[in-house]
Amino acid sequence: MAKRHVIFVVGSTATGKSEWALKLAQEFNGVIVNCDSVQLYKKLDIGSAKPSKAEQALVPHYLLDYVNPPEEMTAGNYCRDFYAILEEIPADKPVFVVGGTGFYFMAIEKGMYPVIPVPVEIQAQVALELETEEGAIRLHAEMMKADPEYGAKIHLADRYRIGRAIELIRSQGKSVTQIQAEFESQRKPFPFPLLKIGPSWDREVLRERIGQRVEKMLAAGLIEEVQGLLDEGLASWAPISSVGYKETLEYLRGGISLSQLQEEITTNTHQLAKRQRTWFQRDKDIQWFDGASGFAEVRTVVEKFLKP
């Protein structure tokens with residue numbers, strides 16, 4: 001019986017990972033599963049650099065154009081649907097999972113901490129105590145006493161994490177460190193052979209690629225795409241807060257000029273790419289290849305990985 005093989009194609013925005021995934025899926029008779037948290041949504045095409053309909057027709061694509069507005073997708077739901085979709089894909093077809101949303105990749109590979117319900121009255125009491133500086137200091141001290149290992153990582157100003165830790169301590173009788181250790185002890189390994197690859201670029205070259213992409217997005221009708229979303233009453237839809245959309249929304253509301261729009265999208269995309277690069281560089285299992293000249297080498301690595 002064929003053993004399913006999964007290939008993560010990861011990297012920062014504008015690195016060409018989607019192009020690599022498409023070429024590889026065509027050559028090795030595979031499928032593509034989207035792992036970009038914006039490309040999941042219908043109606044978000046230009047600003048998310050979603051593959052064109054012609055490209056999507058070349059190989060089967062999953063979790064792309066998947067969620068209808070105004071619905072929203074959580075990482076937990078993505079992880080659930082990812083594994084459900086794998087059941088639909090023949091085991092002999094390699095699965096190329098492509099995107100830049102590192103948290104989603106981590107969720108499907110390593111699982112997610114369970115969402116532990118906390119009684120409303122405890123939530124309300126903790127929220128009340130956090131309203132004052134003195135209350136936050138007391139709760140921080142309570143956290144440090146019950147969970148010094150976790151508490152040492154949390155700054156006094158991070159009231160959200162302080163509050164969540166106290167909610168768990170009071171409702172579960174366990175520290176965050178204990179809960180995390182229990183989860184880790186039950187964590188199951190990824191169930192399929194896994195290869196992780198990604199294109200890498202010199203930072204200045206990537207900066208140029210990002211600038212070119214932003215120009216193309218605006219020329220392709222990004223402003224009209226966002227205006228259409230506004231016309232449908234989707235101004236408060238959470239995905240519109242993503243890079244490219246939030247700046248265009250500000251432009252349409254008269255907050256910035258057209259030249260400022262291009263500049264802001266470009267700057268914020270650079271910052272996004274930096275965050276993505278930092279996230280993925282922590283994963284030492286990812287094999288990086290030159291974005292301009294490394295595809296032949298990537299192809300060889302994938303071919304070897306897929307050999308029975």
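The backbone N, Cα and C atoms fix where each Cβ goes, and this holds for glycine too.
Pulled from Swiss-Prot, these are the features on record:
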type    : residues                                               : note
BINDING : Gly11, Ser12, Thr13, Ala14, Thr15, Gly16, Lys17, Ser18 : ATP binding site
BINDING : Thr13, Ala14, Thr15, Gly16, Lys17, Ser18               : substrate binding site
REGION  : 36-39                                                  : region 'Interaction with substrate tRNA'
SITE    : Thr101                                                 : site 'Interaction with substrate tRNA'
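Locations of recorded Swiss-Prot features on the structure.
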residue : record                                 : contacts (Cβ under 8 Å, 6+ apart)
Gly11   : ATP binding site                       : Lys17, Gly100, Gly198, Pro199, Ser200, Gln276, Arg277, Phe280
Ser12   : ATP binding site                       : Gly100, Leu206, Leu272, Ala273, Lys274, Gln276, Arg277, Phe280
Thr13   : ATP binding site                       : Ala49, Gly100, Ile210, Arg213, Thr269, Leu272, Ala273, Gln276
Ala14   : ATP binding site                       : Ala49, Leu206, Arg209, Ile210, Arg213, Thr269, Ala273
Thr15   : ATP binding site                       : Gly198, Pro199, Ser200, Trp201, Leu206, Arg209, Gly291
Gly16   : ATP binding site                       : Pro199, Arg209, Gly291
Ser18   : ATP binding site                       : Val9, Ala49, Pro51, Val98
Thr101  : site 'Interaction with substrate tRNA' : Cys35, Asp36, Ser37
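If you look at the region 'Interaction with substrate tRNA' (36-39), the same-chain residues 6 or more away from its ends with a CB under 8 A from one of its CBs are 47-50, 64-65, 73, 78, 98-101, 104, 239, 242. Look at Thr101 (site 'Interaction with substrate tRNA'): DSSP puts it in coil. Per-class residue totals from DSSP over the region 'Interaction with substrate tRNA' (36-39), listed helix then strand then coil: 0 helix, 0 strand, 4 coil. Surrounding the centroid of the Cβ atoms of Gly11, Ser12, Thr13, Ala14, Thr15, Gly16, Lys17, Ser18, where the record places ATP, the chain contributes additional residues within 8 Å, namely Gly100, Gly198, Pro199, Gly291.
Within 8 Å of the Cβ centroid of the substrate site, not counting the listed residues Thr13, Ala14, Thr15, Gly16, Lys17, Ser18, the chain contributes Gly11, Ser12, Glu19, Ala49, Gly100, Pro199. Over the region 'Interaction with substrate tRNA' (36-39), the average per-residue pLDDT in this prediction is 98.
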